[in-house]
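Would you mind keeping the following structure in view while I ask a few things?
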Amino acid sequence: MASSSDSEDDSFMAVDQEETVLEGTMDQDEEPHPVLEAEETRHNRSMSELPEEVLEYILSFLSPYQEHKTAALVCKQWYRLIKGVAHQCYHGFMKAVQEGNIQWESRTYPYPGTPITQRFSHSACYYDANQSMYVFGGCTQSSCNAAFNDLWRLDLNSKEWIRPLASGSYPSPKAGATLVVYKDLLVLFGGWTRPSPYPLHQPERFFDEIHTYSPSKNWWNCIVTTHGPPPMAGHSSCVIDDKMIVFGGSLGSRQMSNDVWVLDLEQWAWSKPNISGPSPHPRGGQSQIVIDDATILILGGCGGPNALFKDAWLLHMHSGPWAWQPLKVENEEHGAPELWCHPACRVGQCVVVFSQAPSGRAPLSPSLNSRPSPISATPPALVPETREYRSQSPVRSMDEAPCVNGRWGTLRPRAQRQTPSGSREGSLSPARGDGSPILNGGSLSPGTAAVGGSSLDSPVQAISPSTPSAPEGYDLKIGLSLAPRRGSLPDQKDLRLGSIDLNWDLKPASSSNPMDGMDNRTVGGSMRHPPEQTNGVHTPPHVASALAGAVSPGALRRSLEAIKAMSSKGPSASAALSPPLGSSPGSPGSQSLSSGETVPIPRPGPAQGDGHSLPPIARRLGHHPPQSLNVGKPLYQSMNCKPMQMYVLDIKDTKEKGRVKWKVFNSSSVVGPPETSLHTVVQGRGELIIFGGLMDKKQNVKYYPKTNALYFVRAKR
C-alpha cells in the first residue's frame, strides 16, 4: 500500500509539473504577437465581413421560395439583402423573357414524391401562401373514357409531388375546368367528362358546379348558386378584386359561347353584365389575361372545326356598360400557332405562350443540357423486365406513319407471284433456309433498288398485326439481336438515331408459315432458342399473312441511310448491324454464318442514289449526341420531332395604342423540349412551370415523359 501511495504522490507531482509547464506556456502565449494576431484575424472572418456585393451574389443562388424566407431570418443585413435579391430575381426574369434569354430545366423520373398520373386538359394555379402549384383533374391519353378528380400539390421548394387527402364534398371527375385563387381559397368551376362506354352513344357531360378548396383546412366545399351560366368547359376565368369573370367556353353539341359572366365571390351570386358594341366570335380554349383592375385581354381560341382564332380582344369593365375592343396584332407571322390548345401566361408587360416551333424541324433546346439534374445526376440502373411478351402485344396503328430519321413514310407491300422454286415473292419472310436479317424485330421483305451499283434482292419484312411488336424497354436495332439495354425505362420503346420503324398498308393476306426459318436463328448460329424464348421476345411459329404490293424505293433509301448512320459510329456499332441488302453468298459484301447462311454486310460511305446524306445535326453531333438531364439519353428521337418554343407577346401598348406585338427572337434558347398541347403554364417566383399536356403520337419521342413532363423556365445566368 505504501508503494502504491508513493506512486500516486509521484503521479500527482507529475501532473502538477505538467500544469505548471502549461501555465507557463499560456503566460508566454499571452504576450502580444502582432503577426500571430493578424493571422488569426484573417482566418476567423465571418460572412458578415464580406462585401455586400459578394454576399448578395451568393444569396442569389438560393431558391426563391423557402430558402429566401429562411435566410431573411438570420439578421437584419440578410433580411435587407434578401429583399433586394428577390426584387432582382423577379425583374431579371421579366427582362430575360422579353429578350428571349432563358434556360430550360427538365424534371424527369426519378424525382421525389409519388409520381403524378399522366394527364392533359387539367387545371393548375400557383398558391403563394405555401409556395406550391396545385393541379386538379384532367384526363389521360391511355383511357379515353376516364377523367380525374384528384388534387395534387407540387412543393416548389423541394420539387416534390404531394397528394393532399382532403375531406368534404369532392368535385366530380372532369377536365377543362378553371382553377383560380381567391384569398385563401382555390375556386374550381365548370369542366366536362366523357360518358361511360355503356350504354353506347351517350353525350359528354358538362358541369356548372362551383367548388372551393381550402389549403389550410384541407377541405373541399360545394357552392350552390342560382341563375348562373349553363354547364360549360374550355372557358377562361380570372379574379379581379372579389369578382371572378368567366368568358366563352364549349356548351356541348358543338356549341360555343361568347358570353361574359361575373361571380361575386363574397355573396356567391352570378350576374351577366351588359356589353355594348361588337363582341368576339364564340370560342373555347382561349387565354384570359388581366391587364389591370378594369381591363381583360382575350387571346386566341377555337370556334369549332376549321375555326381557329389568333385574334386579341380587350374587355373594358367601366362603371357604365362594358365594351369589347378588337386589337391590332403585329408580327402575326411570328406569333404562336394554335393558340387554342397552348395556354398563355403573363410575365410583366409580356404574355408568354409555349407552342410548336415554326419550322417543326428545329433541334431541341441545347439549354436543357446546360446544368446537371438537381435531383439525380446518375440515376440507379433499372433492371429490364423479364416477363414474356406474347404475340398479342400492341402494334402501331397502320394509319400512323412513323417518324424515321427525319422523314415520314411507309413501305407499301409488294404483289405476290409464284417463283419456279416454289417460294413467294412479297411474302412476309423468305422460305426456310434463306438468311434474312431482322429489321426492328421483323425480317426484311423482298425488294430491289440500286445502291452503289448493286441490286437489292433481299427479303424484307414488316411488323404485321400477327407479329409481336417490340416490347417496352427494348432497343430496336438492325440485326438479329433484340437484347434489353441497361438503364432504359420499362415504358420506353427506344429508337436511336439510325434505327427504323416500318409500317405497312396491309391488305388481305393468305395463310403461310414464313417465320419457321427464323425462329431458332442467331447471329453466330451457335445458339438455339425455342420460338417463345428467342431474345426474350415471343416469335409466333405461324404468321398467317402475306403482303401484296411493292416496296417503296424511298423507304428503302431511308433504311439504307439509317444503316450508314449507325455504321459511321464505329466498329462496335457496325458489328451489330445487318449487312447491306442484295449481297449473295460468297460475294465481297457478305458475311457467312456458321450454319452456311449468308447475310450482307453494310458498306459505310457517302449517300448514293438520290444524293441524300446524313442530317446536318447528326453530322454536327458526331459520336456525342446531346444527353438529357437524368436518364442520359439523346434529347431527340428523330430530326422531324416538333420542339416547343417560347413566343412572347408585347402588351405594353394595349390600352394606349390598341395593339399587341409578337416579338422576334434569333436565340436558340427559346426552343425547348418536345411540343405538348393542353398543358398548363403557371408563374412562380422568377420562373414559369409547365406541366403535363398531350404529346403528338407521331413525334415518336421516347426520352421524355409523355404527359406528365415537368419543365421550369428561368432566366439564363
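Every residue, even glycine, has its Cβ placed from backbone N, Cα and C.
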Swiss-Prot annotation phosphoserine: which of Ser373, Ser393, Ser445 has it?
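In Swiss-Prot, Ser373 carries the phosphoserine label; others show none in the record.
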Quick one: which of Ser214, Ser365, Ser436, Ser464 has phosphoserine in Swiss-Prot?
Ser365
What residue among Thr114, Thr378 has an entry for phosphothreonine in Swiss-Prot?
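Thr378, according to Swiss-Prot.
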Which stretch does Swiss-Prot mark as region 'Disordered', out of 1-34, 273-306?
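Going through 1-34, 273-306 one by one, Swiss-Prot gives region 'Disordered' for 1-34.
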So what's the average pLDDT for the repeat 'Kelch 4' (295-342)?
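Taking every residue in the repeat 'Kelch 4' (295-342) and averaging pLDDT yields 92.
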